[in-house]
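Annotated active site, proton donor/acceptor per TrEMBL: A:276, in sequence order. Sequence annotations record features per position, and here TrEMBL assigns Zn(2+) binding site to A:275, A:279, A:305.
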């Protein structure tokens, strides 16, 4: 720990860190209970589990909003105000104070009500999606949107932020809607153009290769092997299955990734695992001695997504990756793809085609799904539309933006868990992550001489090290914008992603 | 709820119940964390998990020992002192007060130290067993025994109980060592005689039938099917795998049983699952509206074990059970036991033979393993032997009582997890359970007319209902002794178990 504090301040600082670590201990317990809730909870056990989690979340909130804790932070904030804000000690104080301020703005009743509403919301959403009936979820979502508007108002009160911006700030600290909108606008034009060109391109992929039979057991074993090969540490984590894949951190040495496998769709499980492993490697790359404190925490969800997307797409969908892996894949799924050559396989995993379901979308059209959600959730929070209007608004945007009409709500507005879980302001971080993954990978390629060669040999160590050193180990001592600028020398933009997509896809589709 | 309280007392009673339920909410969270710790925790995640569990156990203990809680209980105890002690309200007050008194006697520091020592203890035990080296576990066990002696002294202080009795009381409330010793002594003679007769009996079983190949996947599916058939409710529970099988209650509708399967030993997984399902059905049979309170709690570990043993042995090892199930078993494991007839199979699952490992022992010799542990742990607590003497003392008893010399500590003194987990006073409850299972089954047979016929048809409803009505739904409104007397008309004795064993085994082994 860099010492910039005198003895008394150091004691104060240590006591604040102890409290933050204790809150994290409780938070990871709650997260374990939720992980368990997603991996085979008996059907009738949901209510009691909701009580358990809600009690724990309440305790975490109480710890993080205790005046005795905040008073010490306010005092320390004064002490470090002239220190390097990126030093571990100063960043700890600044970020914990920022979290405290944010948490204090949320009344305990609102936190409790939101926790209950979102646990139930997810159950209602699940039932509504199963029954393909939005009306079963509508009232729940009305409650949730009301609670989130209330939260946004509490957080933005007296600041220059809008209500939506206040919600966004939870996932992407410091992000501003105008800047986000400008970046997304600069992406939309060239992206739509590329997707249109690919639609009518002379060379098309044969995606049916990936729809052959890939037994679940073999997929499980193969995905585990590949995620270990890129650097996910199974002594400090595990891989499980669930209906909605995610990654969760239950301790400094307990990072869990969850995926799902379908027998007749190889990319779902395989790239899903690479994606979650990327998230997991970010968490495993954080400094464990700062666990539960800002220097040992991720920067933002956008930055988190950049790590998952980089391994899933920049690495996992590259020709070099399949140069290394295709023979192993053939052996693992023998005889399903014995007849498939590298060119066909590589093209198949880079199939670009507008589709209904975000989580199944390719890396180009994916961003169009996000832009729709970003617009709709902002309109919801800003009261330009109401929950009852959502299914129609959703379908209209899918027609205009992707040229597809969802045949049902289950495959339309009900496809994502996020809103049912109260995650509003979360969606834009996915596209921020896509942009950052391309920009970081570009910088990594420039810094590491023969990255493509390494990948085609299955040597992922230098890339993983570069990410750990440049991104993970910085923790939250820099904001997302600052870190991107520091590591790549440029502010975040849509250019690297468009360059990457164009350079890869144009030759594949015979556009050059 | 039976109302025997005036309005003010009712309010007081409700507030006490709320507190007890909140403590249970935390306890089930801790139990979920431990369940998770036994089902695939990443190898490096143990330390943080220990911190999480220890924090939660500390919070539970604090809630259950708060003076504000105890003062209300003391006041209520006065109120109900003339009421029927077996009524729900009176039993709630009496038992919660009993727990409070017990918990208050344990200093928070001792509870915390024991929690830490036993989490570490289990890790050390695991390593020692793996390395077959008792010395790796010795210092840990010395600490644990010291802490348990201290706990026993605190609890027995000023009472007429001995230190060991105070520990035993946690698992078997109200049990007295003299009475236990007398019952065990009356079992030992006839049991040793029967085992000796079987050893030299004219007819012997062919146990190799059960050592053929039984693929794990098929065992898993078969065990699940059989446990559902006897009445374990999978909407309110689940079955998982672990190295040391157990059953744990994580909520009123979340009862989890854990087992382990070995490809070349069918009884381990199958009877192990029946055993844990019996535990699980007890928990599922408790009154859910009293969850977390004495009327919705099990009586004692002995009574709990009676439920698991009854399904495992009285039912699961009966000729009628296999009349029903053998064809299904043949189909599930085809062609492994296609050639095996009912007589051979029935004899094989009733093989009686002195062996090294308690958890693999048959239902007769099993009790000899328990008598050894009961004697040794009492001697340890009473300072007649020390931890360093334990391996030799253990081996000496196995030679004299079972005629077997353990070839290694791993298969000797290191075989059980209990002492490493601080469970001293726990072992005798296994044999109490065996005695009670026979006595209860005898009463059930008399009460239910055609029980054997029902079992041979796979109709387990009447037996399950009888157990629920007579045992489960009483909760902890009766002590173990009282309940046995109430249900069977007689105090607990060794006779029903000896009758049951003799009647079944004598003809099987050609002894009549």
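Keep in mind that glycine also has a Cβ here, set from the backbone N, Cα and C atoms.
Automated prediction, rather than curation, is the source of TrEMBL annotations.
Taking the centre of the Cβ atoms of A:275, A:279, A:305 as the Zn(2+) site, the nearby residues of that chain (Cβ within 8 Å, site residues left out) are A:247, A:276, A:278, A:304, A:307, A:308, A:309, A:311, A:312, A:433. Under a cutoff of 8 A between CB atoms, and with a sequence separation of 6+ in the same chain, the neighbours of residue A:279 (Zn(2+) binding site) are A:247, A:257, A:304, A:305, A:307, A:308. In sequence order, A:227, A:239, A:245, A:246, A:247, A:257, A:258, A:259, A:308 make up the list of same-chain residues 6 or more apart from residue A:276 (active site, proton donor/acceptor) whose Cβ falls under 8 Å from its Cβ. Counting only same-chain residues six or more apart in sequence, the Cβ atoms lying under 8 angstroms from the Cβ of residue A:275 (Zn(2+) binding site) belong to A:245, A:308, A:309, A:311, A:312. DSSP gives residue A:305 (Zn(2+) binding site) a helix state. DSSP assigns residue A:275 (Zn(2+) binding site) to a helical segment in the three-state reduction.
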